[in-house]
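Asker: Below is a structure I'd like to ask you about.
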Amino acid sequence: MVAEAKGSNGANGSNRSNGSQGAKWHEASARLLSRTRPASERLYCRAISGCGRNQHWEAALAHFSDFQENGFQINRIIYSAGISACALGTQWQRSLALLSQLTAEGGQPDVVSYNAVVSASHAASKWQSALAALRELKSLDLEANVVTYSAALSACGKGQQWLLAMQLLEEMSEEKLLPNVITYSSAIAACEKCAQWRTALALLTAILVSHLKANLISFNSAISACEKAGRWQEVLCLLQALSGQDLRPDEVSYNAMLSAFEKGGQWQRALESLRQAPGDSFEISIISYSATISACEKSGQWQVALQLLEELQSENFRGDVIVYSAASR
């Protein structure tokens, strides 16, 4: 595997490197491969870290193995570089294995290593692994930071564990850690997936009250949470608040609004919104038509639904099963 990984690095590393930083890690990697100069711990660390940043985790592990084979003493710095390289390559199991290996050898991982494992677990949608790493970090009397909690919150969101996400926010408060926009957005996303619209709105309000700059992701997650619960009035209020933050709705915001109208039986609002879609911001999609047609169908407006279906076909959209079944009822 080491030889294969080295070859992979030689073939692809130069394509991904850019700027002086990219040149440095690629040069370090090339030196280790060519053996033109004596290897050093610093050279290995630079090569492993650079391979990780450029998502060449296999090459990073190859250098890690060489470091051991060449008689260097494995330490926390090299382990952290290897763990981070695997994490950036979404290799959560390998990053966890390196972390376990470090502790088994009597090493003391740092917060950076644990943050990498939590982030890798989040990327792989492994919320249990993310929480386990967070708990282990705290059991070692290391101080989790905002990065740790934000990644763990995101993992809980992917796993639809909104209650756990709220517990993590409470822990942050107890530890005097101030959530940032990323933290709040992760928590709102967790609520969105479980249609917890009240909690999502409370979290969005917390962003604004804290004088943080809410972003479109935060708003869209809150809008989607309200949409899933059919709270179309709240969706409209959020869209107004969006404009007040100098943000413009995108296709996600717009389609969530149409879907909220559908769930709330507001076919006229859905139809009007479809007609008044801002064409300069985004293009109307088949999802937009599908939600509007479904809203009309649920309100018994089958003639309007059929008309929309004809428009859909004239625009060269390929109607999906949901659209056709809604229009034909």
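Each Cβ is built from the backbone N, Cα and C atoms, and glycine gets one as well.
Heads up, TrEMBL stuff is auto-annotated, nobody curated it.
For 1-23, the entry in TrEMBL reads compositional bias 'Low complexity'. Annotation comment: TrEMBL describes 1-25 as region 'Disordered'. The repeat 'PPR' feature in TrEMBL is assigned to 145-179, 215-249, 250-284, 285-319.
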Asker: Can you name the far-off residues of the same chain, 6+ from the ends of the repeat 'PPR' (250-284), with a Cβ under 8 Å from a Cβ of it?
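Answerer: Residues 216, 219-220, 223-224, 226-227, 229-232, 235-236, 239, 242, 291-292, 294-296, 298-299, 301, 304, 308 contact the repeat 'PPR' (250-284) from elsewhere in the chain.
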Asker: Restricting to the repeat 'PPR' (250-284), report the mean pLDDT as a whole number.
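Answerer: Averaged over the repeat 'PPR' (250-284), the predicted model reaches a pLDDT of 91.
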Asker: Just give the helix, strand and coil counts over the repeat 'PPR' (145-179), going by DSSP.
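Answerer: Looking at the repeat 'PPR' (145-179) with DSSP, the answer is 26 helix, 0 strand, 9 coil.
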